[in-house]
Amino acid sequence: MFSLNGSTFTNNSLCGVSRCLTQSSRRVSAPMVVAAVNSNSKPGDRNVMANALTENALTESPAPVELETKSTVTGGVGDVYGEDSATEDQSITPWVLSVASGYSLLRNPHYNKGLAFTERERDSHYLRGLLPPGVVNHDIQVKKMMNSIRQYDVPLQRYMAMMDLQEMNERLFYKLLIENVEELLPIVYTPTVGEACQKYGSIFRRPQGLFISLKEKGKIHEVLKNWPEKKIQVIVVTDGERILGLGDLGCQGMGIPVGKLSLYTALGGIRPSACLPVTIDVGTNNENLLNDEFYIGLRRRRATGQEYAELLDEFMYAVKQNYGEKVLIQFEDFANHNAFDLLAKYGTSHLVFNDDIQGTASVVLAGLMAALNLVGGTLAEHTFLFLGAGEAGTGIAELIALEMSKQTGIPLEETRKKIWMVDSKGLIVKSRMEMLQHFKRPWAHDHEPVRELVNAVKSIKPTVLIGSSGAGRTFTKEVVQAMATFNEKPIIFALSNPTSQSECTAEEAYTWSEGRAIFASGSPFAPVEYNGKVYASGQANNAYIFPGFGLGLIISGAIRVHDDMLLAASEALAEQVSQENFEKGLIYPPFSNIRKISAHIAAKVAAKAYELGLATRLPEPKDLVAYAESCMYSPTYRSYR
């Protein structure tokens with residue numbers, strides 16, 4: 001059986017791998033530290049000592065200090081960075097070994113508060129004169145930054161302003177993003193991140209992640225140690241070969257891991273210091289980039305075969321050696337010929353997740369589950385037709401088939417027959433079997449060959465049409481009208497990103513179906529007015545799933561991903577769609593509630609990990625939703641004294 005994670009597991013297979021995390025105190029790190037200064041020292045000695053020690057204090061993790069803190073839920077994620085204390089109503093004494101203060105403090109994004117430093121803090125940390133005299137609180141800073149960002153008309157300018165803020169004041173960046181998620185999500189993520197990747201060489205300022213190229217082969221373990229944070233919980237890695245629907249962008253694909261991990265923190269509550277973006281640079285076949293004087297990657301053709309496999313293998317085992325068994329490695333935007341193989345190869349030895357295959361599948365399945373409230377019936381009573389049979393399309397199809405099998409008890413091989421696929425050569429049928437790639441073969445059914453999508457629609461008569469082709473405007477007027485002729489409420493998902501690659505727009509779907517379509521897209525579309533009624537379309541955005549999914553894996557201490565966890569995530573998301581949302585035609589909840597949604601998804605995923613015997617953080621908390629919320633990072637300013 002084809003498995004989305006390339007592996008199968010037995011219940012309670014890892015029951016012996018557990019430990020109880022019930023300490024009454026936690027080891028945390030203070031952000032700033034001071035060396036003992038002799039009372040007889042000369043006035044100038046303080047500057048000499050501070051300057052000598054400041055750089056190391058800011059770039060290396062300071063020595064841990066025992067702080068007695070109130071325990072919330074036993075078995076929780078240890079606060080190794082001291083960041084939980086940011087949400088506690090207490091002052092922090094940031095002195096341990098050396099002074100991190102003055103100009104260097106203002107240039108450190110982890111601890112900089114800008115104009116929010118109080119009068120006392122400005123005196124204590126030698127900030128007098130380095131800041132204007134006004135003291136501005138966190139909320140006013142957010143208001144000011146949003147006003148500034150809204151002055152830019154070009155989305156890429158807004159993206160660059162957000163990235164600059166992230167490099168200057170990390171907590172302000174995340175507070176801004178959390179409180180304005182619906183407005184800023186399209187800026188830091190799709191669709192704007194696609195343009196950012198295309199122009200990454202021109203806009204590159206500071207490294208925001210690790211670049212591991214063929215030049216580092218044999219030294220990856222040492223390269224990972226160059227990253228300043230040592231307690232990594234989530235890695236998002238790409239090789240840049242298939243960035244969104246834009247193709248091979250090589251080293252410039254770094255914008256994707258950076259953007260994804262920003263959402264892991266903002267939407268899923270994973271601490272930013274526990275996140276590591278990585279780009280594996282094996283070259284590019286993009287001629288425009290190879291000839292671009294501003295390109296920042298290797299100027300060579302993309303490595304393949306053994307050379308590629310050996311580099312990835314070294315990376316995967318270096319990660320486990322550096323960060324342990326429970327670090328989550330998310331594969332992002334790998335080409336089809338590598339994505340499935342990597343997931344199958346490492347699914348049994350690492351905690352791995354492919355968002356393009358598994359995350360997309362989970363969010364689409366959630367949308368379909370919610371759509372049943374509007375069209376009626378069960379999944380097994382519907383017929384599905386996909387345009388696009390790559391990693392996204394086949395991943396979605398497999399999860400739908402798994403859910404149908406789970407609900408009905410019908411064998412997976414039978415539920416797959418409810419799902420049809422069209423690729424670049426037409427309808428996938430059994431007569432094409434010998435020429436098909438392995439991941440397409442389960443979807444080859446008995447039928448005469450059909451070349452055009454519209455003819456496949458008329459022949460198969462699907463109730464659900466899903467586009468994951470990466471080819472824009474392929475759901476033509478004729479295709480949508482054909483769907484509307486035999487469906488009272490045709491379900492149409494145009495999932496390809498960015499917006500320019502979407503199979504159709506929201507306006508086209510509603511207009512051509514005479515307002516009867518249930519529509520969702522990968523990138524956001526504005527509400528559409530048709531015949532006096534306003535239609536608000538849903539966005540089948542992976543950001544609904546992967547932040548909460550990752551949080552669930554972390555709080556349970558899971559060591560492998562199982563397909564049932566993906567089904568649990570889909571069910572949790574579908575449950576968050578309210579009757580009010582349905583009345584507006586929405587099949588996804590608003591992003592304004594995303595952190596609560598992520599907590600519910602995390603709880604369902606963690607519960608499934610415990611049920612499958614894949615969790616190592618024991619005992620299992622009684623209230624997983626409350627526990628997930630308690631573990632989420634909050635970008636509140638610390639009080640320094």
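Note that Cβ sites are derived from N, Cα and C of the backbone, with glycine treated the same way.
Nobody curates TrEMBL annotations by hand; they come from automatic prediction.
Per TrEMBL, the feature domain 'Malic enzyme N-terminal' maps to 166-347. Per TrEMBL, active site, proton donor is recorded for TYR189. Annotated (S)-malate binding site per TrEMBL: ARG242, ASN497, ASN541, in sequence order. Sequence annotations record features per position, and here TrEMBL assigns active site, proton acceptor to LYS260. Among the features that TrEMBL reports, divalent metal cation binding site is placed at GLU332, ASP333, ASP356.
Closest by Cα distance to ARG242 ((S)-malate binding site), from the recorded positions TYR189, LYS260, GLU332, ASP333, ASP356, is ASP333. Across the domain 'Malic enzyme N-terminal' (166-347), the model assigns an average pLDDT of 95. Surrounding the centroid of the Cβ atoms of GLU332, ASP333, ASP356, where the record places divalent metal cation, the chain contributes additional residues within 8 Å, namely THR238, ARG242, ILE243, ILE256, PHE331, PHE334, ALA339, ASN354, ASP355.
The recorded positions in question are ARG242, LYS260, and the one with the fewest Cβ neighbours inside 10 Å is ARG242. Taking the Cα atom of each, the residue listed as 'active site, proton donor' and GLU332 (divalent metal cation binding site) are about 13 angstrom apart. Looking only at the binding-site residues GLU332, ASP333, ASN497, ASN541, the one with its C-alpha closest to the residue listed as 'active site, proton acceptor' is GLU332. Of all residue pairs in ARG242, ASN497, ASN541, the annotated binders of (S)-malate, the farthest apart have Cα atoms separated by 18 Å.
Here the CA atom of ASP333 (divalent metal cation binding site) lies 12 Å from the CA atom of ASN497 ((S)-malate binding site). Cα spacing between ASP333 (divalent metal cation binding site) and ASN541 ((S)-malate binding site): 15 Å, rounded to the nearest whole number.
The two recorded residues, ASP356 (divalent metal cation binding site) and ASN541 ((S)-malate binding site), show a Cα separation of 11 Å. For the binding-site residues shown (GLU332, ASP333, ASP356), fewest C-beta neighbours within 10 angstroms: ASP356.
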